[in-house]
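Asker: As annotated in TrEMBL:
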- 6-25: transmembrane segment (TRANSMEM)
- 20-493: domain 'Citrate transporter-like' (DOMAIN)
- 32-51: transmembrane segment (TRANSMEM)
- 57-79: transmembrane segment (TRANSMEM)
- 180-204: transmembrane segment (TRANSMEM)
- 352-385: transmembrane segment (TRANSMEM)
- 397-416: transmembrane segment (TRANSMEM)
- 437-463: transmembrane segment (TRANSMEM)
- 483-507: transmembrane segment (TRANSMEM)
- 527-545: transmembrane segment (TRANSMEM)
Amino acid sequence: MELADTKIVVLGTFAFLVFWVTATFPKFFGLPIGRTAGALVGATLIVIFQVDSPEEAYASINLPILGLLFGTMVVSVYLQRADMFKYLAYILSYRCRGGKDLLCRLSFLVAFSSALFTNDTCCVLFTEFILAFCKEKGLPPEPFLLALSTSANIGSSATPIGNPQNLVIAIESKISFGRFLVGVVPAMVIGITLNLSLLLAMYWKPLSTIVIRKSELKTVNLSEIKSATETENDQSHNDIVGNGDLQKCHSMDVSNDGKSNSLSKCAATHEMSVDRHLETTIFVSEDCTIRTIDSMTSEGEFVGNPNVDILEPKQDGASLVANRSCEMCAQCFLLGWNDPSWKVWKNRFWKLSVYLVTIGMLAALLAGLDLSWCTITAAIALIVLDFEDAGPSLNKVSYSLLVFFSAMFITVDGFNRTGLPQKFWSVVEPHARINHATGIAVLASVVILLSNIASNVPTVLLLGPMVAASSASLPGGGEAKAWLILAWASTVAGNLTLVGSAANLIVCEQARMSTRTPYNLSFWRHLRFGFPSTIITVAVGLPLIRG
């Protein structure tokens with residue numbers, strides 16, 4: 001394709017540069033308006049400069065991709081409400097034998113989760129848990145934060161719903177969910193293993209040194225607990241609520257005969273000792289009155305709602321609020337909720353329904369049904385099954401991301417009309433054909449470079465059709481393989497630098513802004529690990545991609 005008129009080339013390139021600068025540097029001093037607003041500016045300039053007509057701009061917006069993105073976000077919201085990620089956090093911490101054990105669990109569990117629930121979602125939900133666990137065990141946060149972000153990126157490469165660029169590739173290429181999965185999973189598994197091995201090699205010594213932090217403990221005999229629970233009927237409800245803050249404790253090594261064992265009381269709700277023999281949950285008030293949840297609920301004084309950290313008194317309306325940071329303590333959500341009321345059973349049935357709908361959605365995707373409508377149907381089913389106002393759940397959907405994508409489609413389409421991307425590809429294409437190893441290496445290198453300069457989604461939008469067309473003309477027709485190579489290289493490329501993917505930035509910013517355990521993961525610390533990890537993982541994974 002020849003270059004367009006000079007005026008169109010200059011104005012279209014300027015509009016794309018505005019989009020690129022604001023997308024890469026959201027707080028750029030010359031235009032600190034953020035990614036979404038910057039994308040809207042770029043799209044508007046494309047139309048104002050007459051690079052695209054208004055009709056062409058609207059036509060360039062890919063509705064199936066937006067539908068798929070919206071559906072996956074809604075499903076993720078309901079899975080989060082159904083405690084899916086809390087159960088995953090519990091798996092991470094259950095009988096954990098130390099830093100290396102946790103690092104291995106984290107890498108594979110996050111990879112699996114991100115393939116099904118998107119990499120960004122996993123990073124949002126696991127970062128605070130990792131920081132809290134590292135603080136409790138005296139472990140360095142850096143290797144775990146790196147494992148979280150890099151494993152989320154690598155794992156998300158395996159499915160069309162793992163990340164935004166894969167959504168684009170799946171819709172544009174029309175590759176089925178099952179074929180996509182089979183084509184990339186071998187590379188993903190080997191990539192996660194290599195990434196983990198490199199982490200262990202670089203952080204072996206820090207992970208071997210564990211600092212045990214001693215909490216302020218108070219030991220009481222279980223006979224005292226028994227006597228306290230037996231006489232609790234003589235105490236008024238106000239005696240418990242009026243004592244102010246309650247401290248939540250866990251009994252440990254509880255035997256069936258109830259003799260001579262001890263109870264550990266933690267100094268803070270979110271810094272509880274984790275023990276493999278946790279069996280029940282009790283509350284200790286300031287005057288050391290000890291009461292179990294079972295005894296409190298059997299009297300009808302409190303109704304426990306498993307979805308929130310609030311125990312609501314039935315009588316005087318006062319509230320007993322557990323520290324919400326306990327959400328990240330994996331043991332808290334599983335213990336002690338034995339209220340037989342219909343509300344508890346309704347909640348359990350609803351959770352089961354959420355999991356069954358999600359499994360049904362994945363089965364439909366594997367069967368080759370339409371990607372976007374499968375996820376939208378699953379989202380609507382979850383909304384109906386919830387049988388409540390969907391507003392609060394739908395408010396958690398990132399509509400700004402949908403707007404960003406819409407504006408990006410217009411901007412990239414306008415930039416394509418300048419002819420510059422095609423001119424660039426005409427120079428690279430003879431050296432980047434996927435019918436030989438050198439060509440695959442050149443293509444992967446170009447994708448990695450552009451993904452860290454222009455971001456991975458615009459790179460896929462710009463190069464995808466041209467790479468596929470070039471590969472289709474080769475003997476044997478390797479169009480599907482070309483798309484999957486593009487998916488693998490553009491996704492793993494996000495691990496190269498801190499700004500290479502949104503998942504990296506989410507982990508970095510959440511760790512830095514944490515109110516309880518802040519940690520600054522710098523650009524250079526990430527690059528020190530990200531550079532070798534990306535090169536090795538991409539190189540080893542490329543031969544394993546199957547079209």
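The backbone N, Cα and C atoms fix where each Cβ goes, glycine too.
Curation does not apply to TrEMBL; its annotations are automatic.
Please situate the listed features within the shown structure.
Answerer: Within the same chain, residues 8, 11-12, 14-16, 18-19, 21-23, 26, 57, 400-401, 403-404, 406-408, 410-411, 413-414, 417-418 sit at least 6 positions outside the transmembrane segment (32-51) and bring their C-beta atoms closer than 8 Å to a C-beta of that stretch.
Sequence-distant contacts of the transmembrane segment (57-79) (same chain, at least 6 residues past either end, Cβ-Cβ under 8 Å): 43, 46-47, 85, 117-118, 121, 160-161, 164, 167-168, 170-171, 354, 358, 361, 370-379, 382-383, 386, 393-394, 396-398, 401-402, 405-406, 409-410, 412-414.
Remote same-chain residues near the transmembrane segment (180-204) are listed as 100, 103-104, 107-108, 111, 115, 140, 142-143, 146-147, 150-151, 154-155, 157-160, 166, 170, 366, 480-481, 484, 487-488, 492, 495, 529, 532-533, 536-537, 540-542, 544-547 (criterion: CB distance under 8 Å, separation of at least six residues from the stretch ends).
Listed as Cβ neighbours of the transmembrane segment (352-385) (distance under 8 Å, sequence separation of 6 or more from its ends, same chain) are residues 64-65, 67-68, 70-72, 74-75, 78-79, 81-82, 84, 116, 160-161, 167, 170-171, 176-178, 181, 393-394.
Beyond the transmembrane segment (437-463), the same-chain residues lying 6 or more positions past its ends with a Cβ under 8 Å from any Cβ of the stretch are 20, 23-24, 164-165, 168-169, 405, 408-409, 412, 415-416, 421, 425, 428, 431, 485-487, 489-491, 493-494, 496-497, 499-501, 534, 538-539, 542-543.
Here the transmembrane segment (527-545) has Cβ contacts under 8 Å with residues 146, 150, 154, 183-184, 186-188, 190-191, 194-195, 198-199, 202, 437, 440-441, 444, 448, 481, 484-485, 488-489, 492-493, 495-498, 500 of the same chain, all six or more residues outside its ends.
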Asker: Let me spell it out: take the transmembrane segment (397-416), skip the flanking residues so only those 6+ beyond its ends count, and list any with a Cβ under 8 Å from a Cβ in it.
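Answerer: Residues packing against the transmembrane segment (397-416) from afar: 12-13, 15-16, 19, 23, 35-36, 39-40, 42-43, 46-47, 51-52, 56-57, 60-62, 65-66, 69-70, 73-74, 77, 164, 422, 457-458, 461-462.
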Asker: When the pLDDT values for the domain 'Citrate transporter-like' (20-493) are averaged, what is the result?
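Answerer: So the average pLDDT across the domain 'Citrate transporter-like' (20-493) works out to 77.
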